[in-house]
Amino acid sequence: MISLNGSSFLNNSLYGASRSFAHSQRRVSAPLVVTLSSNGRPRDRNVSVLMENTLKETRDGASVLDMDPESAVGGGVEDVYGEDRATEDQPVTPWTVSVASGYSLLRDPHHNKGLAFTEKERDVHYLCGLLPPVVVTQELQLKKLMHNLRQYEVPLQRYMAMMDLQERNERLFYKLLIDNVEELLPVVYTPTVGEACQKYGSILRRPQGLFISLKEKGKILEVLKNWPEKKIQVIVVTDGERILGLGDLGCQGMGIPVGKLSLYTALGGIRPSACLPVTIDVGTNNEKLLKDEFYIGLRRRRATGQEYAELLHEFMAAVKQNYGEKVLIQFEDFANHNAFDLLAKYGSTHLVFNDDIQGTASVVLAGLMAALKLVGGSLAEHTFLFLGAGEAGTGIAELIALEMSKQTQAPLEETRKKIWLVDSKGLIVSSRKESLQHFKKPWAHEHEHEPVKELVDAVKAIKPTVLIGSSGAGRTFTKEVVEAMASFNEKPIILALSNPTSQSECTAEEAYTWSEGRAIFASGSPFDPVEYEGKVYVSGQANNAYIFPGFGLGLIISGAIRVHDDMLLAASEALAAQVTQENFDKGLIYPPFTNIRKISAEIAAKVAAKAYELGLATRLPQPENLVAYAESCMYSPSYRSYR
């Protein structure tokens, strides 16, 4: 049981009884809240205890305790838990909240500290005998956990161990992830999360997030109200139709929203209680899953057309009604046709963001901006060729064209002509325009040659300086393709973005070997360093995790009500600026993840500044130092002291 104010839910007579009860108890500070049993009577020993501050943190000469919680932080969302104000160097809470004590406290992942409860806390909170006598620090717990995780040889086992930890001790989970982000990011997200989604029905132990299916049509608002947290700031939602490069995984796609929101907290500092993972289950067309006795979703073919649109519309309306105008809704792993339609339909009425289209575009543009410092020239002086013309490919292409237009003042229609796309039928050209899907038509350019079917022929015909793979088809950047890129580029830029690792267009080793060590290479999933002719090459990872956590934080701290393309450009510029000369010397076009929270704060500040500039921010007045403000709003996973 969690309550913020003892009198807020107890009537006068009951509160009076609780006060009398408080005076009769030893070792417990007033005010006191009594945890009620199902019949409304006080339980004998399950007394709530207070978690309160012993440090009065001041900012700008005033105590954070004196701030008005209605207008303080969180983009206008009332800061119920005070965690928006928590900073990493603040080990004691600047707020008061009551939590269940005793056995139930050990089963509460939000407040459980395991063996880190001090002897005083154990005595006061009825934990004596429920734990072994040793008292350890959070640092020792982290050391033990990393030792245990490294014993697992199978990545999925590490994933399951991390999910178990999240359900057992939330702060320790996030502290572990933040302190070991480069090692654990591939465990909690791509590539391991892909395998976890494929086997989700078999490994599911305790459901996470909200599952909204066609069965709930007409009552989605009621379903949202079943979620225990009421102040939600970020929702990541999927319908499971296009999970990474693995296709339709139906209801088992829940691993993606859960993983993304873990990164929102660990990398962007959004408090866990403000995050809501959602899976919309409209069925699946995956025959293997439909026949799998352990499948956890609806056993029917996917809903389409009006039935699908009505369910999604009800969901979007219910979210806005329940959580307000400023909740960020991130669409994740929808199929191409639905992804573009949803973004177009709700972009003007909701705060929506599609990470596959916009997040991928922003992180790739940042990598290209950084790469230009290695190869020279401006964006407009380069020619781009994409393998893959889906939501990722066209999203990246559009953002590159927008940035070119911004830099050169040329019309968008002109800058698009520097960008060519290849889909499953070959090079997209004007002669194919009538048969193309609407989102491919802007990329159908005039081409004097015969229809080009194969990628290698497109490379030889277009002679691009940059080759980008977003096809979801593994090993499509063949030796012939890479050698062709290297034949007319001194430093060919090759980005193999498809996830997971098995679907990457080529490996780092192949890119460096086939280009004779001259390629500037980055990928969507991580690869180990490569040694070629005595030199070690470290490839970058064009991971969306660089962008979306800081992007979301920027929207929240400014109280933005809509996402604008200029915010994406601002995020790209902020990320590119974080690449140091030391990184360039290693051939990297992205900064290391070890400093990701600082990077996220810089991105958040740029995004928030752009929101204020565009008149889309509602948190007024604008903070003077947005970077410092972003850092001050970040959730800290350090343990709190209970008394």
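Here, residue 1 is simply the first one shown, and the rest follow in order.
Yeah, the Cβs are placed from backbone N, Cα and C, and that goes for glycine too.
Taken from TrEMBL as is:
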type     : residues               : note
DOMAIN   : 166-347                : domain 'Malic enzyme N-terminal'
ACT_SITE : TYR189                 : active site, proton donor
BINDING  : ARG242, ASN499, ASN543 : (S)-malate binding site
ACT_SITE : LYS260                 : active site, proton acceptor
BINDING  : GLU332, ASP333, ASP356 : divalent metal cation binding site
DOMAIN   : 357-612                : domain 'Malic enzyme NAD-binding'
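Structure coloured by features recorded in TrEMBL.
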residue	record	Cβ contacts under 8 Å, 6 or more apart
TYR189	active site, proton donor	GLY259, LYS260, SER262, LEU263, ALA545
ARG242	(S)-malate binding site	ASP248, ASP333, PHE334, ALA335, ASN336, ALA339
GLU332	divalent metal cation binding site	VAL236, VAL237, THR238, ILE256, PRO257, LYS260, ASN354, ASP355, ASP356
ASN499	(S)-malate binding site	THR190, PRO191, GLY194, LEU244, GLY245, GLY524, SER525
ASN543	(S)-malate binding site	LEU185, THR190, VAL363, GLY524, TYR590, PHE593
Candidates ASP333, ASP356: member of the binding-site residues with the richest Cβ shell (10 Å): ASP333
Additional residues surrounding divalent metal cation, by Cβ distance to the GLU332, ASP333, ASP356 centre under 8 Å: THR238, ARG242, ILE243, ILE256, PHE331, PHE334, ALA339, ASN354, ASP355
Taken over the domain 'Malic enzyme NAD-binding' (357-612), the model's mean pLDDT: 94
